[in-house]
């Protein structure tokens, strides 16, 4: 593939300043850093996992990083291009709460069917528990399964064992700890 995206075109910058919360200067800075870390202009899943391992040395972030990678890789080609990277970074770092919750919903909805099942929720919660390592937990949240049960008890209003985007959004807003656990912060 060679030096894909080594020079950022002005029309790409214009599109990204419109589509993201970054300025042209910030986009250029991020692009420079992205190319430094990914000289061919592509971030692979293994590279993505390696980055996560730097931030979570006491746990195993591999599973979680792979799940996040899937959401970053919008076109599902097995690599994150700069535009995909900056769009996801814009939402996760500067998006409003609804944007962040929609992004998180996409993370949890592994099969992209518009619902989060208990199994999908367990998959993510288990990955988070593996990533952060042994952390003190309350009795009702000391295993991934207990955490999932608690989340579904709070969010699954129609008791169909799956969460819609609306149930997920409302449930997350009703319990600030869930938003915190998603590392999404506030507005």
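From the backbone N, Cα and C atoms, a Cβ is placed for every residue, glycine too.
Since the structure is predicted, the reported quantities are computational estimates derived from the model, not experimental observations.
Look at Swiss-Prot and you will find 2 tagged as N-myristoyl glycine. As annotated by Swiss-Prot, domain 'EF-hand 1' applies to 29-54, with the evidence given as a curator's inference. Residues annotated as domain 'EF-hand 2' in Swiss-Prot, with sequence analysis given as evidence: 60-95. Annotation source Swiss-Prot lists Ca(2+) 1 binding site at 73, 75, 77, 79, 84. Feature annotation from Swiss-Prot assigns domain 'EF-hand 3' to 96-131; the stated evidence is sequence analysis. What Swiss-Prot lists as Ca(2+) 2 binding site is 109, 111, 113, 115, 120. The feature domain 'EF-hand 4' is assigned by Swiss-Prot to 143-178, with sequence analysis given as support. As annotated by Swiss-Prot, Ca(2+) 3 binding site applies to 156, 158, 160, 162, 167.
Within its own chain, residue 73 (Ca(2+) 1 binding site) has 79, 80, 84 as residues 6 or more apart in sequence whose C-beta sits under 8 angstroms from its own. One way to see the shell of the Ca(2+) 1 site is to take the Cβ centroid of 73, 75, 77, 79, 84; the remaining same-chain residues with a Cβ within 8 Å of it are 72, 74, 76, 78, 80, 81. Taking Cβ pairs closer than 8 Å, the domain 'EF-hand 2' (60-95) reaches residues 4-5, 8, 12, 15-16, 19-22, 27, 30-31, 34-35, 41-45, 48-49, 51-53, 103, 106-107, 110, 123-124, 126-128, 130-131, 133, 184 in its own chain, all 6 or more past its ends.
Distance from the CA of residue 109 (Ca(2+) 2 binding site) to the CA of residue 160 (Ca(2+) 3 binding site) is 16 Å. The number of other CB atoms found within 10 A of the CB of residue 77 (Ca(2+) 1 binding site), across every protein chain shown, is 10.
Apart from 156, 158, 160, 162, 167, the Ca(2+) 3 site neighbourhood in this chain, defined by C-beta within 8 angstroms of the site C-beta centre, holds 115, 152, 155, 157, 159, 161, 163, 164. Residue 167 (Ca(2+) 3 binding site) falls within a helix when secondary structure is assigned with DSSP. Neighbours of the Ca(2+) 2 site: apart from 109, 111, 113, 115, 120, residues of the same chain with C-beta atoms within 8 angstroms of the site's C-beta centroid are 108, 110, 112, 114, 116, 117, 162. DSSP classifies residue 73 (Ca(2+) 1 binding site) as coil under the three-state reduction. Geometry remark: residue 158 (Ca(2+) 3 binding site) versus residue 75 (Ca(2+) 1 binding site), CA distance 33 Å. Taking CA atoms as the reference points, residue 156 (Ca(2+) 3 binding site) and residue 111 (Ca(2+) 2 binding site) are 19 Å apart. A mean pLDDT of 95 is what the model gives for the domain 'EF-hand 2' (60-95).
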